[in-house]
Amino acid sequence: MNLLIKGGRVIDPSQGIDDTLDVVVENGLVKEIGKGLATSAGAETIDASGKYVVPGLIDMHVHLRDPGLEYKEDIISGTRAAVAGGFTSVCCMPNTKPAIDNKAIASYIINKAKTEGACNVFPVGTITQGMHGDRLAEMGELKESGCVAVSDDGKPVKNSELMRRALQYAAGIGIMVISHAEELELVGEGVMNEGFTSTELGLKGIPRVAEDIATAREIMLAEYVGAPIHIAHVSTKGAVRIIREAKGRGVKVTCETAPHYFTLTDDAVRGYNTNAKMNPPLREADDLAAIKAGLKDGTIDCIATDHAPHHLDEKDVEFNEAMNGIVGLETSLPLSLKLVDEGVLNLSQLIEKMSCKPSELLGLGRGSLKAGNVADITVIDPAKQWTVTESALASKSKNSPWLGATMAGAAACTVVGGKIVFSGR
């Protein structure tokens, strides 16, 4: 399929481009970008007037639940949700059943995604075997099989010596370690952020310091061995400060946050709303402000969703018993566009955090519209108004705290490898 994407505002931070231009796609690759372009006879033309044309969005942190938990989500439904949200690539976390701790599981995911998925899927392998936290996984084998990072996401690696060795080994073979930073003894039986709201609701709280201490440990270990570390789903003002200070002294630390941490506070839990229960939990207003400040000054490198689908039966229970996590692939873009409206980021900075930087950190070879690159492209309609409903979501699971909310902004067209895989709501 050959394409001419015409008259859109092309924003490509990798090339410093922000202008009204045309994009020509031929044989699955970007052929050229410029004004007044034409393409071969029979090419499909996409009118991008009034829209943004950007490198395909990349979500470096999703849970596709495949294999083993397909009643929540699978590669087919998860990638359909991804392209509906404008994502052309996703990185799937390894807390599946069985976990992605060997070549066979990684190969299964890659092969299924190639034959049945709607977008690129890059698996993340485990740090430890079975995510049990006692023995390192075969990281070299995982990298060779196509894993782009390693993580025990969903829980931390408690053993500091094991984490030190993981960082050393991963650095030696050139694969990123993604840390779920959480001090479990401080978390205890907590189910939401510790503070005024948890006290008022009579729910056991999780103190911010549980994340802060674990973040500091990871940074100190990485600094000690001279290895890179990536901190997942940053949610506290303390973690932002610790990461900012570490970057200032040259530590190879990067991090991500998720849209719910810069749009919601723990007030969303009122009414015991289980669709506002996730890990890390929603924090307070000063944490939200710190997350925005971290995005603005570059402390926070990436925006990821931590898309975590759960079946209704796992959410329609008492708050204490409900599973942690929310779906986020289809709401991430409009929520993140609010950062531009608020002056936190400009459009180029937003696309950098949602496409270019994730690709750079994980070595995906995406995140750019340079001629010759794979044509992964997202066309964004910033004026599109739509309502989040269960029927509007492509994900198998509907556990979103924004059900019933009206969103501004959506993917108008998602192109993966030169093929149109989604054409708007």
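Glycine too: its Cβ is placed from the backbone N, Cα and C atoms.
Counting only same-chain residues at least 6 apart in sequence, those with a Cβ under 8 Å from the Cβ of Asp306 (active site) are His61, Val62, His63, Ala232, His233, Ala258, Met278, Gly325, Ile326, Gly328. The feature active site is assigned by Swiss-Prot to Asp306.
Summarising the annotation, Swiss-Prot assigns Zn(2+) 1 binding site to His61, His63, Asp153, Asp306. Classification of Asp306 (active site) by DSSP places it in coil, neither helical nor stranded.
A sphere of 10 angstroms centred on the C-beta of His310 (substrate binding site) encloses 26 other C-beta atoms. Annotated substrate binding site per Swiss-Prot: His63, Leu64, Arg65, Asn95, Asn279, His310, in sequence order, evidence recorded as sequence analysis.
What Swiss-Prot records for Asp153, His180, His233 is Zn(2+) 2 binding site, and it gives sequence analysis as the kind of evidence. Of all Cβ atoms in the protein chains displayed, 22 besides its own lie within 10 Å of the Cβ of His180 (Zn(2+) 2 binding site). Reduced to three states, the DSSP call for His180 (Zn(2+) 2 binding site) is coil.
Taking Cβ-Cβ distances under 8 Å and a sequence gap of 6 or more within the same chain, the neighbours of Asn95 (substrate binding site) are His63, Met131, Asp152, Asp153, Gly154.
Just so you know, the Cβ of His61 (Zn(2+) 1 binding site) picks up 27 other Cβ atoms within 10 Å once every protein chain is counted. Separating the Cα atoms of Arg65 (substrate binding site) and His180 (Zn(2+) 2 binding site) is a whole-number distance of 18 Å. Shown in sequence order, Val62, Met93, Gly154, Ala232, His233, Ala304, Thr305, His307, Ala308 are the same-chain residues outside His61, His63, Asp153, Asp306 whose Cβ sits within 8 Å of the Cβ centre of the Zn(2+) 1 site. Between the C-alpha atoms of His310 (substrate binding site) and His180 (Zn(2+) 2 binding site), the distance comes to 19 Å. Cβ contacts within 10 Å of Arg65 (substrate binding site), excluding its own Cβ and spanning all protein chains shown: 27.
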